[in-house]
Amino acid sequence: MGSDYEGLSLKKLSNNIILTIIRQSVGIAVGLAISITLARSLGPLGNGQYAMGILLPTMLVSFLNLGVSPANVYFIASNKININSAFKTNIRLWFILCIIGISIAISVVETQGETWFPGIPLSILWLGILAFPLSLLQEFMSSLFQGLQDFKNYNYISLITPCITLLLVAFLVGILKLGVFGALLSFIIGNLCGLIVTLIILKPYLKKHNTNHEDNILKNYTKECLGYGWKAHLSNILAFVNYRADLFLVNFFLTPAATGIYLIAVQIAEKIWILSQAISTVLLPRLSELHNDEEKRKVLTPLISRWVLLISTFFALVLTPLASFLINFLFGREFAPAVGAFLWLLPGIVVGSGSKILANDLAARGRPELNLYTSILVVFVNIIANIIMIPKYGIEGGAMATTIAYGLNAIIKLWLYSQLSENPWWKTIVFSSSDKLLFQEGLSILKKSIFR
């Protein structure tokens with residue numbers, strides 16, 4: 001491998017990335033099977049109602065997690081806290097957040113359900129709330145494995161929920177014909193089973209890292225966790241709004257059926273993020289581990305950024321001519337209007353893949369607030385663009401607005417990274433001679449991982 005990359009532990013990093021990509025590929029296949037089953041069984045209207053039903057608990061998790069998960073990854077990976085203390089702190093915070101979240105959810109459904117979710121039966125919203133505490137705790141517990149860089153177990157537990165959900169969807173929706181109710185029930189039970197398995201696998205780690213001075217550590221870690229976490233949390237909230245504002249506004253300005261069609265375009269386009277998401281999962285703890293070695297970090301981040309951009313561009317170009325066939329074949333002609341929205345989303349998805357890598361570098365430097373400041377501006381632009389373009393251009397307008405927002409986000413992240421790291425911005429997109437050697441090494445590792 002090229003001398004520029006020596007000492008970066010790229011072999012271990014590559015193996016973890018490959019494991020995560022394989023897991024995410026399986027997850028995508030399972031998720032696609034769920035989407036196809038629901039789309040064909042429920043139709044555009046039912047699919048849109050299901051999307052709104054899981055949107056409320058998903059939003060609650062995003063708004064109320066307080067950045068505990070990225071804080072876990074940062075502090076555990078940099079050896080500033082042990083897993084036992086992190087676990088106990090997480091449980092205490094989870095209990096408090098559940099009380100707050102469920103209270104908010106009840107208030108929203110009671111007072112604003114019909115206004116904020118037009119065309120959605122309130123019973124669907126009530127049922128969806130049950131997924132909130134399960135999803136929140138699963139997010140906290142999964143991050144402990146990520147901080148430990150135990151990606152074998154991390155990837156395993158990440159597959160439990162979607163796999164069980166698929167089986168339940170096939171039975172409750174496909175066979176018993178329980179409709180949207182069956183779909184939501186499958187989602188909830190799948191999350192419950194995934195959480196149980198996660199806690200079972202985590203138990204040996206907790207025994208191994210037990211400590212006799214927990215109270216002092218718990219108080220200190222709660223303070224440190226929330227001190228780091230709130231910055232990452234607000235950034236993640238705005239990122240979630242940025243990713244899902246279009247979905248909410250499509251339902252608001254158009255119809256649940258249009259939302260169901262647009263959801264298909266979003267779900268397919270975001271599959272291109274499999275690489276950047278897998279790398280981000282592995283990269284954040286690795287960059288945090290390198291907090292005392294700036295030179296290695298200055299090489300690692302641009303290296304990964306340019307490869308992610310290249311591969312994401314390749315997949316976008318491959319999917320472009322296949323979009324119409326895939327959507328019609330997989331989901332049916334009812335979802336054909338999703339093609340235009342899908343094509344408009346692709347440029348934003350590609351540049352968004354690169355910005356994810358740069359965002360992880362900023363967070364690993366202990367500067368998650370920079371991602372927050374960026375998100376504030378980007379969300380504002382995204383919402384305004386959606387409000388202007390959806391009434392005029394329909395679901396394609398939502399896709400255009402989203403791509404504009406993703407592009408702005410990428411430009412700002414690139415500038416911030418360049419200023420903070422003192423790396424030239426072009427290093428994140430321009431290849432060097434050492435990349436050829438890295439590519440050859442990567443192929444060798446991939447072959448060994450597949451055929452061993």
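Placement of Cβ uses the backbone N, Cα and C atoms for every residue, glycine included.
All annotation found in TrEMBL is predicted automatically rather than curated by experts.
What TrEMBL records for 21-42, 54-77, 89-109, 115-136, 156-175, 181-202, 247-265, 271-287, 307-331, 337-358, 370-391, 397-417 is transmembrane segment.
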* Go through 115-136, 181-202, 307-331, 337-358, 370-391 and flag the stretch with the largest number of C-beta pairs under 8 Å relative to the transmembrane segment (271-287). => 337-358
* Could you give the residue numbers and ranges of same-chain residues that sit at least 6 residues beyond the transmembrane segment (115-136) on either side and whose C-beta is under 8 angstroms from one of its C-beta atoms? => 48-50, 52-58, 60-61, 64-65, 94, 97-98, 101-102, 105-106, 108-109, 180-181, 184-185, 187-188, 191-192, 195, 251-252, 255-256
* **Recorded stretch, among 21-42, 54-77, 89-109, 181-202, maximising Cβ pairs under 8 Å relative to the transmembrane segment (307-331)** => 21-42
* Asked: Any chance the transmembrane segment (89-109) and the transmembrane segment (54-77) have 3 or more Cβ pairs under 8 A, given the pairs are 6 or more apart in sequence?
  -> yes
